[in-house]
Amino acid sequence: ELLALVMVAFELCMKLRWLGFHTFIRHKRTMVKTCVLLLQFVEAIVVLIRQTSHLRVTRALRPIFLVDCRYCGAVRRNLRQIFQSLPPFIDILLLLLFFMVIFAILGETHTPFWMFFKYFNTLENSIVSLFVLVTTANFPDVMMPAYSRNRWSCVFFIVYLSIELYFIMNLLLAVVFDTFNGVEKMKFKSLLLHKRSAIDHAFQLLVSRQRPMGVSLKQFDGLMRFYRPRMSSRDRFLTYKALNTAGAPMLSLDDFYKFYEVIGLKWKARRSGEHWFDDLPHTTFLIFKGINLLVKSKAFQYTMYVVVAVNGVWILVETYMLNSKSGFSWSRMVPWSYIVFLTIYGVEVLLKITGLGPLAYFSSGWNLFDFSVTVFAFLGLITLAFDMEPFYFIVVLRPLQLLRLFKIKQRYRNVLDTMFELFPRMASLGLTLIIFYYSFAIVGMEFFADVVYPNCCNTSTVADSYRQINVTMGNRTVLDEGYYYLNNFNNILSSFVTLFELTVVNNWYITMEGVTSMTTHWSRLYFMTFYIVTMVVMTIIVAFILDAFVFRMNYSRKNKEPLLDPEGKSNGIVFEAEVSRDEALATLELYKKTCPGLSSLNSLQGVLLAMDRSGSSSLVYLGRRSRTKSDLSMKMYEEEIQEWYAEYSRENLPQSDRSLVERELDIPPPCPERES
């Protein structure tokens, strides 16, 4: 443990040397990490001196070392959004707890006959029962004793659940979603104006006294050598061309504002033909052209939909026959239907790859899905053929082909596309939840390790769930076992499973009451706090899903265009730049003069070689990149963005910095040793 802490301390020392002392102590997250590290060091040394461990709940703070990591930026953003959503969440939570206490007092004092029932015999039990009731884990069990005495007592529970569960809990989601949506919009605005400010500042640094109105290619290339050292000379030149849409000698400020739109483009020469097989011999061309027309036809698509539907029905029939009482048993021989449908899917994949081309085929998300399912089906065939029992689970993946049927309807496509887009972000949200799990698991292990066991909790109302006794039934002795003793905090894995069961909230109060009966009533605070924390995280996850789906719907509705085409191929950002031979030669000469020591300009010379091979005087290059949510937001908030820019211009009037303007920036920066 000390070795691991020393490694973290070494990383902090490097950060201190890099940032400097004053910046280091002003960085809040770094200071929190430093304080936690010192606390961990002190605690570890105390354990070494005493030669015995003590209550070490500070280990729950270890995730700060993971969060403060280059690769966990998404987790930090999630935590920031959780903290930003806390104020409205706490307001609604206090309202929920207020009504809970009011109903607890009402149930404990104003209905005297309830005092004979275990759920409302004290104010503490009343509050706990109503808290659990919000999660519906103990309903209708909590109502039935009172309901057996007086049928009108159900009104109490109906009113309570209507207010707390159906009104306040949904109000909580609505408030968090509204806050989340506002935070996302303000974050986009802040980032957009920050980029604009950076571009303004960079433009003022690049212009000179001789050229105060624009940026030349030489100056732009010098910037790019520092900004993207690994970018090739060809791509730097094409990026300049993409910005200079008017073909002017220099880039204006308006042109330069598009810098962040073009900086991530991947440039490739545009093919002379429409298809990948255009350069093949005539007979071969006609064959592939026919395949291309076939796989793009509606008849082919709907034929495959029918095949998938028939396959789904056949799987249902096989499953029914497997479970029926007709004596049918699953043969380990490969079913003929499996081979037939797999052959059809395999032929479809081959036709699409040859007709569309490998690059076009694998650039489609739906095609990747079809290909993956077909490969898994083939592996399942091998599993059945060679009787590899441990891998039989692969055969179960066959019904995934049925998801293709949801492509037919636009709304289903939107739902599935949103789901696929959310997967990367959901991974970071899942890691955020695991971090909370780890912290609570450590605390649970420190306080509740080895607390519950078989036949414990005999004084509790949930003793039956922990009972393990032998029961005689006729001539047999049967083990009557309540399995809740398995939900314990004896180790980290058991703690994670227990916490997940608490997250699902089904019968979670049994685990809480079992631990409470073996420790103290204050243990309930641990479980209630965990429920509230997970409720915050889960609400943020739901708000994120809602925001993504609503944004997609509003974008499609406002712009009258789908975000994805029916085949699932992304409509990315595309820029076009035409390079003539004269421009390429002039640029090559400029680079040679600017960087005389640079021995490799292969990428720019490759442009001239491509022109020689094609016999043309110019080449057209296409720059592509995937469309991000920022690009969609630019179009979604187009009118508001103009207002933001106007507000920014009023607050940041251009102030000429004489020391910068008078500097002569025609001398380019040092050239790199080589070009990648």
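Counting starts with 1 at the first residue shown.
Including glycine, each Cβ sits where the backbone N, Cα and C put it.
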Transmembrane segment according to TrEMBL, located in which of 338-361, 482-505: 338-361
Top Cβ-contact partner of the transmembrane segment (154-177) among 299-317, 418-440, 525-550 (pairs under 8 Å): 525-550
Best-contacting stretch, by C-beta pairs under 8 Å, relative to the transmembrane segment (338-361) and drawn from 86-107, 299-317, 418-440, 525-550: 299-317
Same-chain residues at least 6 beyond the ends of the transmembrane segment (299-317) whose Cβ lies under 8 Å from its Cβ atoms: 337, 341, 344, 348, 398-399, 401-402, 404-405, 408
Chain residues outside the transmembrane segment (86-107) and at least six past its termini with a C-beta under 8 angstroms from it: 114, 120, 123, 126-127, 130-131, 134, 156, 160, 163-164, 168-169, 171-172, 175-176, 178-179, 532, 536, 539
